[in-house]
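Residues or ranges marked as domain 'Malic enzyme N-terminal' in TrEMBL: 40-221. Annotation source TrEMBL lists active site, proton donor at TYR63. If you look up TrEMBL, you'll see ARG117, ASN376, ASN420 marked as (S)-malate binding site. Here TrEMBL flags LYS135 as active site, proton acceptor. Annotated divalent metal cation binding site per TrEMBL: GLU206, ASP207, ASP230, in sequence order. Under the heading domain 'Malic enzyme NAD-binding', TrEMBL lists 231-489.
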Amino acid sequence: MASTRFPPHFAQTDHRQRSLNQMRSKQLSLEKYIYLNGLKGRDSNLFYDILLENMQEMIPILYTPTVGEACVNYSHIWRRPEGLYVSIEDKGRIRDVLATWPKLNDGRIAVVTDGSRILGLGDLGANGLPISLGKLDLYIAGAGIKPSSTVPICLDLGTNTQRYLDDPLYIGVRRPRPLAAEMDAFMDEFMEAMKEVFPTLLVQFEDFSTDNAFKYLERYRHQYRVFNDDIQGTGSVILSGFTNAARLSSAASGLPPSDHKILFLGAGSAGIGVAKQLLSFFTLSGLSPEEARSRIYTVDSKGLVTANRKGLQEHKKFFARTDYDGPALTDLVDIINHVKPTALLGLSTIRNAFTEKVVKAMCALNPRPIIFPLSNPVALCELDYQDAIEWSDGQVIFASGSPYKPLSHNGVVYEPGQGNNMYIFPGIGLGAILSRTRHVSDAMVEQAAIALANSLTEEEKAAELVYPRLARIRDISAQVAFAVIRQAQKDKLDDNAYLRTLPDSDLLGLIHDKMWQPSALQLRSFTRL
């Protein structure tokens, strides 16, 4: 911008506060999202400076829950190119498309979505790009990943949502999604091209359909630098929160950690991914893998998942019960009374699925029941925090996927936990980048969860929190990254030999030093011509 366009006394004002006031003046969350999106395009340094100072206010706008609304409406609110689209029509020349990215040599991390299962909102097709953009903003804010090293990608593979195909403003290719063989061939070419064009880049898959999320994670995880946040990240952050919740619950009941039972409502990619990660809680408590699996029960739209059910999807078979052959159990209260769980976790995207009867059934079995309604956004959450506190008379140990505010009940202030993946994936990403790990191992994800669980301060423990406060996210991410790096070294997956030579205190200091900060804002006064 030419210097003469600045008002003569502009430098004497606080433009950071002006921009924040402009954002706050917007009445609707989507309007705030659009404003912040524009600010990032005009002045990314100012955008990230404001974000770092106001994370608790801005993260719900840039990511869940508002990002879901942004995705649904993206074809109508689109203003400028922001990320990289790779279309099914690009097959055979995907490498050439990727090579158009302007900062090829800087790329260190990409968030890749195909828009097929956005936040429980369904198949949004090419409208899914804001998920990749928002996730990368959280990498930047949470772990100091350098903005120029991030690559947001949306795979435009068509959509099976008719209203988008009929929408004259829809920005994606107008065709149904490909069948498995065509999709597999596309993904194979895409991943190989990513390795060629961005040889040092970590790929994070985001919001693929359930079957494809599992399939492509398994297909590529030992071949490329790749992980899936819906499966591994969600599982890791819930493992951490559950570890702290189980400690509080066991203190009230006297139950040994290995005797907990977990009931999942929701058996999609997120539900099964979390369940598999929680196996670690039991194996770390001394159980065998088979004994650990017996402590976990899953429920889908047809009821308790049992091995004798016909047509059972492949990913649901792992936790399917073999110890029940009676009539199908479909009512959640009946299932609770049969299983007698200490913990109820929701990843069903069914609003208010945890009714008052459900909460009271859990309270009847446990002095301090663990209830984690984890579906995003709030409109799909299984249980609101106020209802959980009132129906349990404050005894519930609660964490949700979406943010809730503290509240008072009978003169006591209760502070909710949020099982926000932001506690985990920025640190995993930073640790993987710094260690130059060749793959992301299960042990690395598990150690990330343990580091998060151990990151509570004494004050946070006294407040009976299950997650640390988000205001400390960079310190938390540094601890997670440290654990990831050390585990990568144990797994012999790291290519950065220098980090092996550093004592723990020096490595933690290096991690902090590597975190990007916006440069100091210096607004100059200009001579008017």
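Yeah, the Cβs are placed from backbone N, Cα and C, and that goes for glycine too.
Calculated from their C-alpha atoms, the gap between LYS135 (active site, proton acceptor) and the residue listed as 'active site, proton donor' amounts to 7 Å. For GLU206 (divalent metal cation binding site), the recorded positions whose C-alpha atoms fall inside a 10 Å radius of its own C-alpha are ARG117, out of TYR63, ARG117, ASN376. Apart from GLU206, ASP207, ASP230, the residues listed for divalent metal cation, the same chain places the Cβ atoms of THR113, ARG117, ILE118, ILE131, PHE205, PHE208, ALA213, ASN228, ASP229 within 8 Å of the centroid of those Cβ atoms. Taking every pair among ARG117, ASN376, ASN420, the residues listed as contacting (S)-malate, the largest Cα to Cα separation comes to 18 Å.
In this structure the alpha carbons, written CA, of ASP207 (divalent metal cation binding site) and ASN420 ((S)-malate binding site) are 15 Å apart. ASP230 (divalent metal cation binding site) sits 12 Å from ASN376 ((S)-malate binding site), taking the C-alpha atoms as the reference points.
In this structure the C-alpha atoms belonging to ASN376 ((S)-malate binding site) and the residue listed as 'active site, proton donor' are separated by 11 Å. Mean per-residue pLDDT, taken over the domain 'Malic enzyme N-terminal' (40-221), amounts to 95. The residue listed as 'active site, proton donor' and ASN420 ((S)-malate binding site) are 11 Å apart (CA-CA, integer value). Close to TYR63 (active site, proton donor) in the fold, though at least 6 residues off in sequence, lie GLY134, LYS135, ASP137, LEU138, MET422, each with a CB less than 8 Å from its CB. Around ARG117 ((S)-malate binding site), the same-chain residues six or more apart in sequence whose CB sits under 8 Å from its CB are ASP123, ASP207, PHE208, SER209, THR210, ALA213, SER269, listed in sequence order. If you draw a 10 Å sphere around the CB of the residue listed as 'active site, proton acceptor', it holds 29 other CB atoms from the protein chains shown.
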